Structure formats: structure tokens, C-alpha cells
Amino acid sequence: MTQRLKDKLAVITGGANGIGRAIAERFAVEGADIAIADLVPAPEAEAAIRNLGRRVLTVKCDVSQPGDVEAFGKQVISTFGRCDILVNNAGIYPLIPFDELTFEQWKKTFEINVDSGFLMAKAFVPGMKRNGWGRIINLTSTTYWLKIEAYTHYISTKAANIGFTRALASDLGKDGITVNAIAPSLVRTATTEASALSAMFDVLPNMLQAIPRLQVPLDLTGAAAFLASDDASFITGQTLAVDGGMVRH
């Protein structure tokens, strides 16, 4: 495999498990060192990245809290000296019918799914600007284009992710920084397996996808590595649907 990210430093939120961990390990294979921000420990991700010969930092961090993100940013810079790639992957996705949705639940979903990306960008974009190079990848969702019930709060955050991607790309293009988003389908992870979403595992791929199998985190890693590399240096402001052909636009 190529080393397109040789000696880059990638920050990944929610990198302890699932999609974030898969992207972290792929970036390490591509030659990057990794900094993970997550609320839970990441011993398996750490071990895998170290076994690939790369440096890794994992920090307990509530990515929705400005103080936590500021402290995390300082620790990353003191450890590695810079951040080249930022992957805003952390998110929550509880199914809640609109009639039952409280304002507190709405706010929490936005804080974790949207505010975190803003806070992380504020922490690391200044350094990217100084270096004249940077990559920001935001994880969104194909649910933005679909009819999905009990997801008003979540889909609203995913629309915000796409808008943030497009707008921030306009601000940062002159600084050598690209900003793109990846929109997966329903992905099998330990978290989704333990949630109400698991009821759709056997239904959704056959009903809506051209490739009729359930998506796994590994399916997203190639797209992420591409967007993080110089191969995608003239691509910005885009949302790439990596979803087995569910959405076509």
C-alpha cells in the first residue's frame, strides 16, 4: 500500500472504535501519526497503530466542550508540533420520534455532531494556515437525502455538517486547506449493533443500495485516505457518498 500520508499528523475524533478507529488505522498504514479524541479509552486502536510503526496519542475529551477541545489541541501540538489532517467523526444518532424529542436532546445532538467540528477546526486551522497545507474531513450521512422517521434531530445535524463543509471550504481554499465530507450508509459497528438501528441491518441494503450488503467501517477508509492526501488537492467543498449506491446525485 502507498504511503500517501507519510509523516503527517492526523487528528480523529471518536477514533477509539468503529468508523473512527478504522480511519485511524488506515491513515497509520498510509504513514501518518495519529491523535485520537474520545470519551472512552482506545487501547486496541493504540496497539494497532503502534504495531504499524506510527506514533499515537489518545486523550479523553468531550468534543462538545470548548475547554476539553482547547486542552486537547494544546496537547496535540505539544506532542507532535502540528496537525495536518482533521477528521470530525464523533457523533451520536439516537432514534427519537419528533413528538418525544426534547429540546435538551436536540441540543445535545447538535453539540456533539455539529459544535464539535467547529471547535476542532478552531483549534487546528490556525496551524494549518501557518503551514500552508491542511485537510479537514467531516463525517455526515446519506440520511440527509432519504425519508427516515424519528431522525429529525440527527438529520438536521447532518445537513449542518454538509453546510459547514461547503462554507468552510470557501474560507480556507486560499490557505491550501481542503474541506470535504463523507456520507456513509448504515454502518455495522458495535454501537449500531447495540441500538435500534440493528433492526434495519437485513432490510436497508437490499431495499436501497445498489451493492446489497451492509456497510462496514473498512468501506470508508479508502475514501478518507484519498481525501486526506495530495491526490485530492483540487477537491474541496464536496460531499462524497460512500454508501453502496444508495444516493446518486
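Even glycines carry a Cβ here, placed using N, Cα and C.
Here the structure is a predicted model, which means the values were calculated and not measured.
Taken from Swiss-Prot, the feature NAD(+) binding site covers 17-19, D38, 61-63, N89, Y93, K158, 184-187, T191. Taken from Swiss-Prot, the feature substrate binding site covers S141. Per Swiss-Prot, the feature active site, proton acceptor maps to Y154.
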Legend entry - Fewest other Cβ within 10 angstroms of its own Cβ, chosen from the binding-site residues I19, L186: L186
Inset, instruction - Could you tell me which of these binding-site residues, N17, S141, T191, has the greatest number of Cβ atoms within 10 Å of its own Cβ? - result: S141
Legend entry - Integer Cα-Cα distance in angstrom, I19 (NAD(+) binding site) to Y154 (active site, proton acceptor): 17
Legend entry - Candidates V63, P184, L186 (binding-site residues) with Cα within 10 Å of the residue listed as 'substrate binding site': P184, L186
Inset, instruction - Based on DSSP, name the secondary structure state of P184 (NAD(+) binding site): helix, strand or coil. - result: strand
Legend entry - Rounded Cα-Cα span from Y154 (active site, proton acceptor) to Y93 (NAD(+) binding site), Å: 6
Inset, instruction - Round to a whole number and give the Cα-to-Cα distance in Å for the pair C61 (NAD(+) binding site) and Y154 (active site, proton acceptor). - result: 22
